[in-house]
There are 2 protein chains.
Amino acid sequence: MAEDRSEPETRVRYRRAKSVTRAEEIQMAEKRARSSQPDKPCHRPRDSLFSWTSDFNNFTGFINWGFLLLGIGGFRLLLENFIKYGIRVDPRQWFLFLSGSNNGGTECPSIVLILYSTVPVILCLLIEKGLAVEIIAHGPGMVFHVVNLMAMVLMPMVVIHVKESGFSLVGAMYVCMLYAMLFLKLWSYVQVNMWCRTSRRRNVNPQGRMRRQSLSYNNLQATKAKQNAKLPKDNGDETNGSTELVQYPDNLNLADVYYYILAPTLCYELNFPRTQRIRKRFLIKRILEVVVGCQVVMSLFQQWMIPSVKNSLIPFSNMDVAKASERLLKLAIPNHLMWLCFFYLSFHSYLNLMGELLHFADRNFYGDWWNSNNIDTFWRSWNLPVHRWAVRHLYIPVVEMGYSKTVASITVFFISAFFHEYLVSVPLKTFKIWAFMGMMGQIPLSALSRIVEVRCGARWGNIIVWASLIIGQPLCIMMYYHDYVVTHFGEALINDYSVV
Amino acid sequence: MAEDRSEPETRVRYRRAKSVTRAEEIQMAEKRARSSQPDKPCHRPRDSLFSWTSDFNNFTGFINWGFLLLGIGGFRLLLENFIKYGIRVDPRQWFLFLSGSNNGGTECPSIVLILYSTVPVILCLLIEKGLAVEIIAHGPGMVFHVVNLMAMVLMPMVVIHVKESGFSLVGAMYVCMLYAMLFLKLWSYVQVNMWCRTSRRRNVNPQGRMRRQSLSYNNLQATKAKQNAKLPKDNGDETNGSTELVQYPDNLNLADVYYYILAPTLCYELNFPRTQRIRKRFLIKRILEVVVGCQVVMSLFQQWMIPSVKNSLIPFSNMDVAKASERLLKLAIPNHLMWLCFFYLSFHSYLNLMGELLHFADRNFYGDWWNSNNIDTFWRSWNLPVHRWAVRHLYIPVVEMGYSKTVASITVFFISAFFHEYLVSVPLKTFKIWAFMGMMGQIPLSALSRIVEVRCGARWGNIIVWASLIIGQPLCIMMYYHDYVVTHFGEALINDYSVV
């Protein structure tokens, strides 16, 4: 709706005239004269609301309009989808997917891998124990840790490669996710324990142990057993008995490690902030969200994503720009909805659920990335556990090692790019660099979004962020899916629809 | 995104503790103790942003998200349309449409009818002249007027009926629109002149003419010729020479009538408020909007509406609810976009253009209907010329005749329903009552929207208004198109795609 800033307006002119007494008088007289006419005048000088000169700017109704149109469009797409494909939602399939078995196999490689993950965790704890009591020296200890962590990261790659077609894509994907998270968690665990050892060596006291700071601290630490004797029975009281902070190496036990492995954070700490009680209504809501939300994501995936991805394959392969763009945009909507649901489910519902169950008090899992005006702010705020890990365990240590901040940023960026590639390439068994390239693409995109933010205002910066999110993901998905089909089924089989 | 109002929160609890000095001390000590730990603690008790307890409510980014998604969806639909139908925009066709000729005929019935419209206008002026100089008495004069206006309204009906297939749908439609507008304008003209005569008869002065009120009034009335002698040459000056208001029966001349016919209003006045100059940049912008906007509307119509309407015909005819709904929603989007463009073009661009050219100062052609929270407010504000006409020339006169306000409202409603029906049934030559029913449907809808407004808040009232606008129109269009095809081409020809 075009608006005119430069035009003088009738009303303004009339207003200006008011300062002149004579003009005002004339105007009043004119008004009186007109209203006394027998033709019942009903017109007076006014501007249209869309004219710049009208000073009108209440267009809030159009926000409702936008969301209504979005809702109608979404509902129509849903209807079109059901007419075209019928109901494709099949909850049974998901149990097969999650167990990792494929092609009717009775093995559950995902579950086996999850169970196996205890091995590197326990190994890690044992190495730390050894380091604490100085059976193992610092140098070899670190080598053991690196070997242990590397072996852990490689394990799903090897299993997925060996199992070949006996491993479902979804099952493989979440196992990789789990192993990547475990890697970050154990990295943090090892580093924090190293800090503690360094600190202990520095201010060792006559008894050969660090002095203990005794103070009031209401925690329900994993080392409960030890402390419970000191805690009054009624731990609902705010100012109840003084509890001690756990000190190194008292933290090196299985309960503490497993509390940390299950806790919704990637940064190890000896004394996590704790809540005093489990809010039952909060817990029930989160459980319902996880249960219902998972069904929604799965349904979206089966009903909308799979047909869209399959339909895009041929235009994408033929490099038909118009059709491929149309398919890409059609894919963008269910993909984006799924991503939003997935975000809410994992970062709000699931992590809060775990936090509530474990009395873990820090629930700052995500910032307000939806308002971010440039790509950098988005990356810094959408995934706070990973961001906090990257700052605490990669960026600051690299800077403390004497490197510049740029080197530290680049290191963080490359490790991040590696894990993105790991999470996609390993399950798909196609070692293409699309995810890596996607990450690299963030650099010029970040520069672009900053320029847009400065030149066109924060709103447009925010729009660039959203656009990169909505369009970038399906583009990567299409590239991977295309290469996956080409690699595993050959060019001739591009029509084969039995691939998930 | 679910939020939890009822749960006590960790932070609140911590804050509450502050009032207790000992608790505060403990907390501070605890904080100090934690931060002095060698494990570099990075967690503290916080709530997630989506949690009700976080007090966070800045979701403005999602407004950009909504509009971006809308833009992407729209662009995809456009692309899909071009892939499916190719380019169907044909500007030549429009000149044929507008001339009213159809099926390759060389006649231009629309243009003939437009030229003919001068006849009832001049007849009306002559009757008024006769009434003014009292050649014609009041009673017969009114009868002449009614006959003249009735004949005028019937004229397009007769011509369209006689011409049968020689008249294009679009040509017929805008001729009907023009004649309906002319009817309202002449009704107002006759009534205002009648008011003036009544007033003259009441306070007739010794000279047999009304006393003239001489006052400063800067107007450039259609009776320019007469007044120019009295006006100073520089009419850009605010307080320039005193001009007289035109008095009855000096207004009864061709220039005044034609100024009124062209002016962007349906309410006649002897002395319209005037602007002093034509703002050239404003004028150029409006001209560009009209030219470009018409092309956009026409392209939307040819490229998007016609295929959508045709594709909906069969599911609609077969009463296939799922498919018909899908088609209806698919039709709703281009139809709504066209309506929005049409609204902006006619009510902002075109009427402002005419106003600027004619120095007509009252540009209040539409209210902020987009913010209206119930159907009534919408109907009162979307078309102010018609609304003002209905209040001034129908509602108030009916009330002054002694009827109740309800009777007056119902009268306005029925006249409005009649004209809606006229504008649709005559060009389509199918005298079905869908438009009339659509109007009647506004009564329960209005009640519903009021209930929603009161119960669920203004936002939901506004959403109901938008929904009725977005969904109601294509529903009526489909009903008419279906009946049009069935009536004119028979059930068997429902597949025939040569019908526009």
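Each Cβ is built from the backbone N, Cα and C atoms, and glycine gets one as well.
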Which range of A:107-124, A:377-394, A:431-448 is transmembrane segment, per TrEMBL: A:431-448
Best-contacting stretch, by C-beta pairs under 8 Å, relative to the transmembrane segment (A:402-419) and drawn from A:142-160, A:172-192, A:336-353, A:431-448, A:460-481: A:431-448
The transmembrane segment (A:336-353) in contact with the transmembrane segment (A:460-481), cutoff 8 A, at least 3 CB pairs, sep 6+: yes
Helix, strand or coil at A:His420 (active site) [DSSP, three-state]: helix
Other parts of the chain folded back onto the transmembrane segment (A:172-192), taken as Cβ under 8 Å at six or more residues beyond its ends: 98, 100, 109-110, 113-114, 117, 120-121, 124, 128, 145, 148-149, 152-153, 155-156, 160, 257, 260-261, 266-270, 386, 389, 392-393, 397, 419, 422-423, 426-427
